[in-house]
């Protein structure tokens with residue numbers, strides 16, 4: 001370390017005697033340059049900025065739950081030619097202050113079995129803290145453990161992970177209750193057919209107890225805090241001819257959803273994900289303004305521009321799970337300079353950090369070195385990233401920055417502050433009503449998934465009805481009428497799988513809301529059932545009327561109502577099957593292929609292509625013909641049509657409708673059999689939804705059980 005320090009000092013002294021910034025020409029070389037064989041030498045650059053020491057004033061208020069920290073040092077004093085760091089826009093005042101909370105983590109180690117080939121440790125002995133009114137950034141290259149560390153601090157680790165170490169909130173080792181913190185995933189699912197204000201209002205109804213007027217004010221505060229005033233009445237994802245929000249504003253909406261709870265701590269995973277430089281700067285300025293209200297912000301970032309870098313208060317720099325630095329942004333630049341990796345004046349600090357610690361660059365260097373050796377140029381390119389990482393880690397462990405972090409952790413944990421309290425939840429009845437009404441509103445606007453689907457249904461029914469029209473009621477028309485009913489039920493059920501993308505989207509929205517405790521499995525399924533009933537009944541009655549009169553079935557109102565009811569329950573059963581497959585797969589293509597195979601197998605075993613009692617016993621008769629809902633639907637419709645009919649055979653004898661169908665389809669001679677078939681269909685509709693409930697509940701309970709087990713193991717480790 002002394003050798004590295006002396007080399008870095010000599011390097012900075014030689015750089016300070018160089019010509020003025022105007023006369024210096026930056027090099028076009030992309031790679032760090034080293035002489036062959038001198039791996040321990042510092043990286044050579046054309047410019048080496050000189051840093052001024054900056055003291056940070058931190059104090060803990062006695063008897064309070066907040067920590068007052070001086071603003072982070074700016075980058076405005078990086079030599080004479082550098083640009084000042086951007087300031088947060090003034091003149092916009094947040095009407096309501098947020099009481100933050102201090103967060104500290106000590107010796108945090110996270111292991112995930114099979115996550116990496118060389119080690120199960122994703123995070124290795126990380127220590128740091130976050131203070132109210134500040135923005136702490138976890139930065140590092142891809143697969144460095146940023147998201148895992150963020151989840152560990154928030155208490156949202158994957159069930160397969162194990163955590164060792166301690167996390168303190170206001171000086172106490174306690175779980176953060178509901179409503180005291182918000183967590184924004186890297187990719188969140190929003191409802192595209194709602195406006196920003198509608199989406200946030202429904203989110204507030206799901207999350208908060210109390211009166212509606214109070215929730216409206218909370219929504220307006222969240223819209224104002226995220227600078228969404230100009231987009232409040234715009235649709236999130238676009239609708240028909242209306243354009244949706246850009247990706248930056250959509251990301252702000254996902255953050256605003258968590259702000260309706262007014263959390264004291266906000267965790268955001270990759271807020272700049274898929275954003276351009278302008279949207280990224282707007283995002284970070286908005287978050288900086290949010291932090292100025294008192295909220296504690298902890299975010300992960302892969303890379304940032306110089307302007308965005310100047311907005312950070314503290315940086316936790318990770319590489320392969322190792323903490324290479326934690327502290328103020330300006331101190332991080334000084335740390336790299338002390339370790340022998342000074343940042344060039346014309347390069348972004350974020351780019352410089354990632355360039356020095358990202359092992360993926362070794363492959364690029366190897367490729368370029370081979371090309372350079374063949375051409376005899378730039379043979380001095382030789383960079384060992386592993387050595388740079390070890391050097392930076394060793395320098396940090398022996399630096400004053402690491403000692404300052406340990407001192408601050410002791411101050412934060414020596415006395416417990418006020419415990420965070422839950423703000424209460426909306427009751428289940430309110431959530432069911434909100435989700436049902438929201439789904440009905442979405443159905444009325446989503447023409448691509450619902451109204452276009454209804455149009456396709458009508459076209460298919462018209463085709464079937466016209467093909468089988470004019471059959472009459474003679475004995476010779478029985479087989480053709482059976483074929484018409486079979487085609488109607490089977491093809492309409494098969495067409496309904498086009499709604500799979502909409503169902504998968506609903507499940508993804510539920511998953512996101514359930515992870516943040518905004519909803520629960522029974523609430524979601526009951527609301528989904530209630531909201532789907534009007535749409536399915538509209539389909540059932542419209543298609544049944546068209547088919548019934550085109551084909552010319554019996555002209556009796558009671559028989560028509562049974563036909564509508566039977567087809568409606570059939571659609572409910574079919575949607576239950578789609579929910580089961582969507583819950584298991586959550587993949588559009590895979591779900592469509594699976595449902596297609598299921599429908600084909602059920603159609604083959606429904607008793608039309610070959611009568612049920614003639615099917616092979618294993619598999620096809622037992623259990624397939626009894627599992628297929630087509631069997632009960634078609635039997636009920638045929639019994640409804642023919643059991644009260646009789647057909648004349650010659651001038652003397654007549655046969656019943658049951659006898660006429662014996663050679664075509666298996667039905668029962670009992671008049672009440674059609675109601676038993678309807679009951680079986682209803683039980684199947686409820687049974688499939690119970691299976692979905694068990695699946696989702698099993699996934700959720702398994703996650704909670706493993707989290708509790710993880711907490712017990714961690715407490716045992718802390719005690720030992």
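Cβ coordinates come from backbone N, Cα and C, glycine included.
The region 'Disordered' annotation in TrEMBL covers 1-26.
Looking just at the domain 'ABC transporter' (103-345), the mean pLDDT is 86. The domain 'ABC transporter' feature in TrEMBL is assigned to 103-345.
Sequence-distant contacts of the transmembrane segment (449-471), counting only residues of its own chain at least 6 positions beyond either end whose CB sits under 8 Å from a CB of the stretch, comprise 443, 477, 480-481, 483-484, 487-488, 491-492, 495-496, 498-499, 501-502, 535, 538-539, 542-543, 546-547, 549-552. Look at TrEMBL and you will find 449-471 (among others) tagged as transmembrane segment.
Outside the transmembrane segment (483-504), and at least 6 residues removed from its termini, the chain residues within Cβ reach (under 8 Å) are 446, 449-450, 453, 456-457, 460-461, 464, 467-468, 471, 543, 547, 551, 567, 570-571, 574-575, 578-579, 581-582, 586-588, 591-592, 595-596, 599, 603, 606, 608, 629-630, 633-634, 637-638, 641. Per TrEMBL, the feature transmembrane segment maps to 483-504 (among others).
If you look up TrEMBL, you'll see 524-551 (among others) marked as transmembrane segment.
Positions annotated as transmembrane segment by TrEMBL: 563-582 (among others).
Taken from TrEMBL, the feature transmembrane segment covers 588-607 (among others).
The feature transmembrane segment is assigned by TrEMBL to 678-699 (among others).
Ranking 524-551, 588-607, 678-699 by CB pairs under 8 A with the transmembrane segment (563-582) puts 678-699 at the top. Counting only same-chain residues 6+ beyond the ends of the transmembrane segment (524-551), those with a CB under 8 A from a CB of the stretch are 431-432, 434-436, 439-440, 443, 450, 454, 457-458, 461-462, 464-466, 468-469, 471, 481, 484, 488, 492, 506, 510, 513-514, 560, 563-565, 567-568, 571-572, 575, 579, 689, 692-693, 696. Residues 510, 521-522, 524-525, 529, 562, 565-566, 569-570, 572-573, 575-577, 579-580, 583-584, 629, 632-633, 636 of the same chain sit 6 or more residues outside the transmembrane segment (678-699) yet have a Cβ under 8 Å from a Cβ within it.
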